[in-house]
């Protein structure tokens, strides 16, 4: 039921964005969260019902209707709240806008560091984020990242057999058992035991190269859409025209996707698999390495993971926007993006530790089943929120670089009389 609810929620959220009435009243994150709330309520109410085809179809229809109704109510509330505000804006006398007042106040507030005003820079970055629709593009990035999780999980599961020399048979068996148990606790017991568990068990037990390569190809295509949205946002941040060559856009998205996968796998090995394998002494003993590796692993694991993420974001900010810039100019945004991702990920990991549901026993009561379903649904929503906030942080780092670039270009532009961000003179 949970998997069905997630699919229904995604479909209703995508269809809602196609409706002009919804598009004009709320951003994608707002409509998506409203749909998720409506679907979640129906899922929790119907969790105690015994499974059957008729009840499943009825639950799907009820969940879709609840999601659509939640979006409708949200749009009506937006109308009620914004209509008086629009009338007030029409009646107020001519003068500086609220944005102009905020920018002026920020320019005159705070000290300057190397000729730059951090308060004014942060304010302009936030305002520019609204101009380029960062929340909407981050929602698009999160959507494609979310649907690419299934093929990437399949690819990783299919290739887990190749890790036997490193992990050992006992560790691989433990991981396989944990995944199968998790599926049994999420999906209906009959579906999990008869369909999903044997499939995952087979994938994790064999070195299925062809299956892993096929799933990886699907992942690359879907994940490339994530970075194509990021490229579009960064071009808007720098006020330059996007690359018109479709092949170049696709190639750039694929290259960034490959870089992101390498970064993700490397950081996962350092941060996630590292504790799973043990401390530096255990890994050194398993691989036949000396004390130097043990000391280096324990001391440098987290700094190296941060440096790898910093390097990838620097690469993204260097080549994604259609502008000429140096590596040094990309570092400030990469530092902000890396720290933001670390903060968002830490919050998500803390929530997972506190809200992770226990495996429900076969003889558990209805209350325990409903509670576990609610906890699992909250984890799914928290994962979506983590993807969305992470995407926002990445885009904000690029926007910070764009505003720094515009700040440095202002003196030269005032002398030559050119516009600060002229697409014809600054794009590649």
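Keep in mind that glycine also has a Cβ here, set from the backbone N, Cα and C atoms.
Pulled from TrEMBL:
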- 26-47: transmembrane segment (TRANSMEM)
- 59-82: transmembrane segment (TRANSMEM)
- 143-163: transmembrane segment (TRANSMEM)
- 209-227: transmembrane segment (TRANSMEM)
- 247-273: transmembrane segment (TRANSMEM)
- 299-319: transmembrane segment (TRANSMEM)
- 331-356: transmembrane segment (TRANSMEM)
- 376-400: transmembrane segment (TRANSMEM)
Listed stretch, out of 59-82, 299-319, 376-400, that has the most CB pairs under 8 angstroms to the transmembrane segment (26-47): 59-82
Contact ranking winner - 59-82, 299-319, 376-400 against the transmembrane segment (331-356), Cβ under 8 Å: 376-400
Distal contacts, the transmembrane segment (376-400) - CB-CB under 8 A, six or more residues away: 2, 5-6, 29, 32, 36, 40, 43-44, 121, 125, 128-129, 132, 134-135, 137-139, 141-142, 145-146, 185-186, 226, 230, 233-234, 237, 313, 316-317, 320-321, 332-338, 340-341, 344-345, 347-348, 351-352, 355-357
